[in-house]
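**Q** I'd like to ask you about the structure that follows.
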């Protein structure tokens, strides 16, 4: 005789799914897309997955993808928080140029590298703060508020460099752009550390939840006693900081500051990386690691097209095709279709 | 029906029969009949959520009824959209004039059907015809000037002229006077009276009762999605109308004597001289374990008082004391810090975070109060959400599901739970039972009584008189943005509240 099983959980406490099974990670559209892009790259170039150890650092196409993708990944880290509040920051590319210009001009005029780096980061923080003030205090729509600095920022950078490309050979700055730590390229290490630090900062504090609350419903956030203004200032300032870091990397990489071209159009790649990472432009739920994954997908595509020998013009077309596929996979339509097949269990990408 | 016969105008033009409209589980309209006759002004009255706007949207084609039938001049019609409705002769003018402010008056009048000459827009013709048209409405203005240069009243009349030109059988005026001053209202009414004489069927929606009596011939009153009455206004007075709008029926339970004059605790919160532009300052003290109910019609300033109390709108002058100590309540964050909670009237817009989980929605105010650095850990969140979900009987399959998937009643309880979680001293509830089903309704009322017994001070706004009577120790009656009466103890009765609300409008008519 079998006794009926008794559920000992208190009835008032519904089951809380906490830990995600590992296979859930691999069924995310972003992860599937990354694997698919990497496999295509491998088919085009059989040596794609080959990684070698030379002169105390790792070499290979995969490392190259990470290294080249680092600036956009870093921008995406800051952009994720901004987009989660239902905003956007178009100025990050220009802020990269400003940061690079400040660092390059200072070191080439004899200032020590740590001071130059600090000044560049400070410039980025100020730019971000400026955006934040436009958005919160003056209540300007984020897309317009940050457009101001997107346009003006390059002008500022040119004023700093006095219109020329300032080159340098300072070992610290060059190390930031091209060095390696424990075998990994410095940009990759910086991106990784920044990702971990930002994720901990939003998830170990209540910052993440409050950002999501402001993004989901700003009015309700106000009624619940949240100070949306302070949060927005933090978020835009952080985006400016991230842009300054990316600007240092790019400047260090080319050993110079090019006010016209440094970070050009990268704000769009960063936005794309965030969206591919599953954060809605309508704000709310966000994931910094997934946005970084999005940046890697974008770079993997760029690299794939380059090594396949296609002309770079194909890059944009192929990129947009892949992006459409990813967005369709994430769309509510395909979520409904997927749910229909798997029996009503809504798997919400988070 | 006798009252249908008493219609002053002629034949029925637009008839709606047995209209049912369901949103999710909520029956916004439940078998409503409505008839507009030629040559009458038919007022449509009801509090928020009564179904007024849903009915209007069905009459104009913006919504399609789930059940029931529309007939125009006796012929059944099915309206696909407002444009389709317009082609049948049903035109609408809204509170916010939805014309193009940056185009000329003449262009607005003929937009989409410009007279042409040799395939080109006949500008001179437009101007001439616009002048002729507006002359009939007693409007002599430069029709070439941009619409935005004129007052809202003139814009309203232009909108009416356009609607009548396009449609010409039925004219729906949806809160047309909300932003007009007294003279402008008179001018608008003259226009409407002229149209009535021309034989148009006019449906007039407003929340100004005196305007209903000044203009309308008949009135239909809706309440909770059903029709309470359709009657000629000549046979009614303001008190009758208010009673029909607010009271289910006047025979319901008396004020519970337990609440009458019972011992009150000390003063919990005190508002002195709190007011702002357009909202005269008020004084109010609320005691521990006391529910102050607020009654008044839509637009009487009920919600404005609540917003001032919670700092949603910053007060200009005045002071707030909690347990005798002066506190600053310049914004909601300060109100929360002072231990206030506010369940707003518009749950969806100002209350819930639809995409966030039930658990997050419950802990958010406490988290905001703690600040972002002192995060509630996951276990604490689960415990808190569990405790308050149980206390308020929130029914959700999981506390990790998005709150937008819950029913209206459960969402309201989630917001209540959010405030209970901060261990409040003072709670403001604005229409806590609006748009939720009957079962949840009774639960909310029970909860209010329980919170009072636990010593909370509550300020509860409601259009449901029986509700207000059932839980209030004191009832404040609002009219024209002022607290005009305060009822206490045995004086709290639906009839007395209706009298107090109707007060001014009756005097105005006398």
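From the backbone N, Cα and C atoms, a Cβ is placed for every residue, glycine too.
Taken from TrEMBL, the feature transmembrane segment covers A:31-53, A:65-84, A:90-117, A:172-202, A:223-250, A:262-283, A:290-310, A:316-335.
Looking at the shown structure, can you explain where the listed features end up?
**A** Beyond the transmembrane segment (A:65-84), the same-chain residues lying 6 or more positions past its ends with a Cβ under 8 Å from any Cβ of the stretch are 92-93, 96, 128, 142, 184-185, 187-188, 190-191, 194-195, 198, 202, 211-212, 215, 235-236, 238-243, 245-246, 249-250, 263, 266-267, 269-271, 273-275, 277, 279-281, 283-288, 291-292, 294-296, 298-300, 302-303.
Listed by sequence, the residues of this chain that lie at least six past the ends of the transmembrane segment (A:262-283) yet keep a Cβ under 8 A from its Cβ atoms are 28-30, 33, 71-73, 75-76, 78-80, 83-97, 100-101, 150, 157, 212, 214-216, 243, 246-247, 250-251, 289-295, 297-298, 323, 326-327, 330, 349-350.
Non-local neighbours of the transmembrane segment (A:290-310) in the same chain are 28, 30-31, 33-34, 37-38, 40-41, 44-45, 48, 61, 64-66, 68-69, 72-73, 75-77, 79-80, 191, 195, 269-270, 272-279, 318-319, 322, 326; each lies 6+ residues outside the stretch with a CB under 8 Å from one of its CB atoms.
Through the fold, the transmembrane segment (A:316-335) approaches residues 29-30, 32-33, 37, 272, 275-276, 278, 297-298, 301-302, 305, 310, 346-347, 349 of its own chain, all at least 6 residues removed from its boundaries and within a Cβ separation under 8 Å.
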**Q** Could you give the residue numbers and ranges of same-chain residues that sit at least 6 residues beyond the transmembrane segment (A:31-53) on either side and whose C-beta is under 8 angstroms from one of its C-beta atoms?
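**A** Same-chain contacts beyond the ends: 25, 59-63, 183, 276, 293, 296-297, 300-301, 303-304, 307-308, 322, 325-326, 329.
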**Q** May I ask for the residues of the chain that lie six or more residues beyond the transmembrane segment (A:172-202) and have a Cβ under 8 Å from a Cβ within it?
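**A** The answer is 53, 56-58, 63, 66-67, 69-71, 73-74, 77-78, 81, 103-104, 107, 113-114, 116-117, 208, 211, 238, 242, 245, 248-255, 288-289, 292.
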